[in-house]
Amino acid sequence: MSESHGLLRDPQPGQEGYPGNPGFPGFPDYTRYSGATQYEGHSFESHRSGQIEKGSTPRGSMEGRPTKELDWDGEKDPENPMNWPLWKKVIHTAIPAIYTFGLTTGISTLVAGLPGIMEQFGETSRNVALLPITLYTIGFVFGPCIAAPISDLHGRLVVYKVNIIILIICNAIAVASDNFAVLVIFRFFASLGGSGVMAVGAGTMADLWLPSQVSRVGVAYLLAPFLGPSMGPLIGSYVIEQYGGDWKWGIWVVLCILTPVAIAIFFSSETSKKQILAARAKRRGSHPQGQGFSQELRKIGRAMLKPWHMCIFEPVSLVLGLYTGFSFAMIFSFFGSYTYVYSTVYQFDARQIGLCYIGLIIGILLGLVTFAVFDATIYQKQWYAWAPDPSVHWIVPVMAGVPFAWGTMASFLSCLAYLASAFKPADLSSAVAANGIFRFALGAAFPNFVFQMYQEMGINWAGSVFAFISLAFIPVPWLFFWKGKMLRQKSSYELSKY
């Protein structure tokens, strides 16, 4: 890929990152990595023909594994997930997409149930009542960092199975309890133990489809982390209202989404190339020597710490993390501001407030379609901030959510593509995980002060504060045009050359 004023341009055929070549940035490589054996300077054919220098060990191979079992048995190998029947590939594509949607919907379905939580548990503080939502969101900061290295070692299916069990059981305990502390603690464990799909879901897509197909079939999976939190208040408000204001239905509805997914997972197949070939080797009488338990623990520990190191010491991850994190957190801030604005100014009930999120949903869909590199959030935030007034029709601030979410989604996808183009496969998983740490950490924090902020400062100026903060982020895209190369050179990690 050529460099121009720090901007990463599209890679050319033969370069790393070009579709069909190693490093294709359609998805983060940690999600694409399925254990395919990598050879430094050697092809599979040269390995089979014995041309690799004696005593050398191909990177990614298992000690003692016969050479004939290191790769698929030809292009039409039926065990290769890319050769599965179309119906089977579609089902295995839908599982992580629906799982992620149900998982992230659970962040905000309880928003409409906050009055019921405060009433049942005698909580007078809104921030305390928000803890089941706040800690559930914080779980997304840590869960994927744990699941990604485990997936690399033991495959994707085990992560799905363990995660969905933890997610359902912990949510069930939380909703069945009449103790507030139990509710809060098990909501946290639900997301901590259940959010691994955020790390390995796209890898399933890349296991199943060619790089040229992934960007099309993976749309639903990319959409889910944004669509879930935006649709959660809408779904939760209608369900909770339908059942007499019982806040517990804000969790039950999530379990209703996830239970069919759990059943499908236990009937699904492993898609990781590494695990499929290892199982085949054992069936053929080979018993490859794996890593010792202590080695696995050290590898997992290093992989878990790398995203946190990048959050602090990696310039590209830090800047893009703050940039996308603020935009993502603004969606979470609407959990408080929408409730205050539309109940105070327009006297909306819970269901009507839920419908106001349709503007965000439309914007997210538009952002996914356009996938443009621009920051269009400043004007929209001012629009929403100064529009709410009894003399102004409610549709005006609702429609302000469309371009806001449009710009947020487009900028996020652009940043993800930049990370995927800049970082080498070995570090890309951590770079994307670091970006997730910023997004969900800020997303957990914003709802805790937004409601009070609107009460104390008033609707107009409270909304404008976010617009003023956004002014500081206007130069970020241009910074990467201007000084992108310099930022990448300051990295302590090996970045792509193009």
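Counting begins at 1 with the first residue displayed.
Any Cβ shown, glycine's included, is placed from N, Cα and C.
Annotations in TrEMBL come from automatic prediction, not curation.
Annotated in TrEMBL:
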| type | residues | note |
| --- | --- | --- |
| REGION | 1-77 | region 'Disordered' |
| COMPBIAS | 18-28 | compositional bias 'Low complexity' |
| COMPBIAS | 42-51 | compositional bias 'Basic and acidic residues' |
| COMPBIAS | 65-77 | compositional bias 'Basic and acidic residues' |
| TRANSMEM | 90-117 | transmembrane segment |
| DOMAIN | 90-487 | domain 'Major facilitator superfamily (MFS) profile' |
| TRANSMEM | 129-151 | transmembrane segment |
| TRANSMEM | 157-177 | transmembrane segment |
| TRANSMEM | 184-206 | transmembrane segment |
| TRANSMEM | 218-240 | transmembrane segment |
| TRANSMEM | 249-267 | transmembrane segment |
| TRANSMEM | 318-341 | transmembrane segment |
| TRANSMEM | 353-374 | transmembrane segment |
| TRANSMEM | 394-420 | transmembrane segment |
| TRANSMEM | 432-455 | transmembrane segment |
| TRANSMEM | 461-482 | transmembrane segment |
For the transmembrane segment (157-177), name the stretch out of 218-240, 249-267, 432-455, 461-482 with the most CB-CB pairs under 8 Å. 249-267
Over the domain 'Major facilitator superfamily (MFS) profile' (90-487), work out the mean pLDDT and round it to an integer. 80
Can the transmembrane segment (90-117) be said to touch the transmembrane segment (184-206) if we require at least 3 CB pairs below 8 Å and skip pairs under 6 apart in sequence? yes
Are there at least 3 C-beta pairs under 8 angstroms linking the transmembrane segment (129-151) and the transmembrane segment (432-455), leaving out pairs fewer than 6 apart in sequence? yes
Can you say which of 184-206, 218-240, 461-482 has the most Cβ pairs under 8 Å with the transmembrane segment (318-341)? 461-482
Is the transmembrane segment (129-151) packed against any residues at least 6 beyond its ends, judged by a Cβ distance under 8 Å, and which are they? 30, 106-108, 110-111, 114, 117-118, 121, 123, 158-159, 163, 174, 183-185, 187-200, 203, 272, 299-300, 303-304, 307-308, 332, 335, 429, 433, 436-437, 440-441, 443-445, 447-448
